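Copied from Swiss-Prot, the annotated features are:
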REGION    1-226  region 'Indole-3-glycerol phosphate synthase'
REGION    227-546  region 'Anthranilate phosphoribosyltransferase'
BINDING   Gly295, Asn325  anthranilate 1 binding site
BINDING   Gly295, 298-299, Ser303, 305-308, 322-330, Ser334  5-phospho-alpha-D-ribose 1-diphosphate binding site
BINDING   Ser307, Glu438  Mg(2+) 1 binding site
BINDING   Arg380  anthranilate 2 binding site
BINDING   Asp437, Glu438  Mg(2+) 2 binding site
Amino acid sequence: MMDFGFVDSLKGASKRGKNAVIAEVKVRSPIHGDLLRGRRIEDILRAYEKAGAAAISYITAEQFSGNFETLKKIVGLTDLPVLRKDFIRGRKEVERTAEVEAAALLLIARHLKERTAEMVDFCFEHGIEPLVEVHHAEDLVYAENARAVLINNRDIDRMERDGGSIDVTAKIAEKIRAFKVSGSGIGSVEDLLFVLQYVDAALIGTAFMMAENTEEFVQTVCGGEKMIEDVLRGLDFDKAYELAKTLPELDEIKIAAVLAALEAKGYGAEVIAGFAKGVAEKSKIEIGKVMDTCGTGGDKTSSINVSTAVAIALSTVHPVAKHGNRAVSSKSGSADVLEALGVRIEMDEERARKMIAETNFAFLFAPLYHKSFARVAAVRRNLGIRTIFNVTGPLTNPARPEVQIVGVASEILLVEVAKAMSLLGRRAVVVYGSGMDEVNPNSSTDIAVVNGGVERLKLEPEDFGIERCRVLPCSSSGESAERIRAVFSGKGLKEDRRLIAINFATALFALGYEDLKENVEIFEEKVQSGELARKLEEIACKSTSM
């Protein structure tokens, strides 16, 4: 059998990671009336081509204000294979279609019945791909020699006054062994992703023609990339890894669609680990053995920047490479509060190495070390919602810390992030403090110790030797900086002091200091001696003078 190009063009789109879509040029709809709305067919065609359609369809039937001359014009204007749709009854129409070099022709099995098979063969003889349309499973008996079958989700005998149901595709697709296309009633990306679970390609006309911005909508659907479909079906480690590496290459619309789809679907340890590996792969630096303290955020408590305060305090004991960013969905990110504390946040690898050598502290500003994700970062800011990057941020520190404290905002994330870090071979303590992504001074805190395996523990404020106290809200990075500075100077609020102290104690626990009460005492001694205030001043001065 000859290779006619129509099916192969659709298969090629799938191989390139795109959704295989036939975009229909449709002049009129029995329900919606004029679909051109003053636009030229040439403009519609250019929009389809530019947006990534794999093939073009045109209806020559008079009921849709189509004609044969326009078909000839379309074939001459595009390099994409063109499908002619009409109520074909005889061989003469096949010959006419071949004369204008259309690539494919629709044959409706319900109308042709027993003649369908001979018309399929006649199309092949004339170098045309026959696309046999079926609506009921009973129609399939007439399509046995077809290489490609279109499932029409509407009843063709009722024209378009049957609204159609994409469930038709789901019901009969498995009975078809040929290349499968679903058409009619596909009005959204969600509809497309649904039918693509059952078929190889989709034909869309009315939804494209009625879109406010046809090119943008077609681009989202055609180029919305198979990866969105993969996300909604579910990713494994390898697919999540490839997704993370591919994401920066997409345009903003597709990036937003992928991130939104990930949030809608949800993700577990394998996806978190694979995605984190893909993000971190291009950003590795060598600055020695360090620790990191980082939270995923999202706990809605709006507390001071605890992990940043702990990172500074911890640098009096062990080298710390704090990985962080500006706020995306919260009031104050680690970069924001460090800047408010007078610390230079943009340190390249050389400066970071010097800072570690001279102060035991360096800040690794995420945008500086993940430059390939700059467009992704812009999309995240515009979206204004939490994404998988919030969860994977602590796992993508370019310094590859030997041990980490990671705070998460839910018990589910505690389990999944701990498993993810185990999959990546990391050593860490993951904490969830009853609604906080920190150790909670007023309630229980669940922790997962990751060191080869994962061990679960539960801590109470009394385990640290402190009285329970509430967590005070914070309204800005400036306020957070003032309150951290006050604690380090021994003049801060007791609630802030206890909050930082127990999280510092847990960080020491991750380093092997097992007595939590003693760890709190170490913090208090450092406050009272002025060591923490001096350390903050040293970090700020060194960072700005380099």
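Placement of Cβ uses the backbone N, Cα and C atoms for every residue, glycine included.
Features recorded in Swiss-Prot, as mapped to the structure shown.
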{"residue": "Gly295", "record": "anthranilate 1 binding site", "Cβ contacts under 8 Å, 6 or more apart": "Val306, Ser307, Pro394, Val406, Gly407, Val408, Ala409, Asp437, Glu438"}
{"residue": "Ser303", "record": "5-phospho-alpha-D-ribose 1-diphosphate binding site", "Cβ contacts under 8 Å, 6 or more apart": "Met436, Glu438, Val471, Leu472, Pro473, Cys474, Leu499"}
{"residue": "His323", "record": "5-phospho-alpha-D-ribose 1-diphosphate binding site", "Cβ contacts under 8 Å, 6 or more apart": "Asp292, Cys294, Leu364, Ala366, Tyr369, Gly393, Pro394, Thr396, Asn397, Pro398, Ala399"}
{"residue": "Asn325", "record": "anthranilate 1 binding site", "Cβ contacts under 8 Å, 6 or more apart": "Gly333, Ser334, Ala335, Phe365, Ala366, Pro367, Gly393"}
{"residue": "Arg326", "record": "5-phospho-alpha-D-ribose 1-diphosphate binding site", "Cβ contacts under 8 Å, 6 or more apart": "Gly333, Ala335, Asp336"}
In three-state DSSP terms, the structure that Gly295 (anthranilate 1 binding site) belongs to: strand
Coarse DSSP state, helix versus strand versus coil, of His323 (5-phospho-alpha-D-ribose 1-diphosphate binding site): strand
Secondary structure at Ser307 (5-phospho-alpha-D-ribose 1-diphosphate binding site), reduced by DSSP to three states: helix
Surrounding CB atoms that lie within 10 Å of the CB of Arg380 (anthranilate 2 binding site), all protein chains: 21
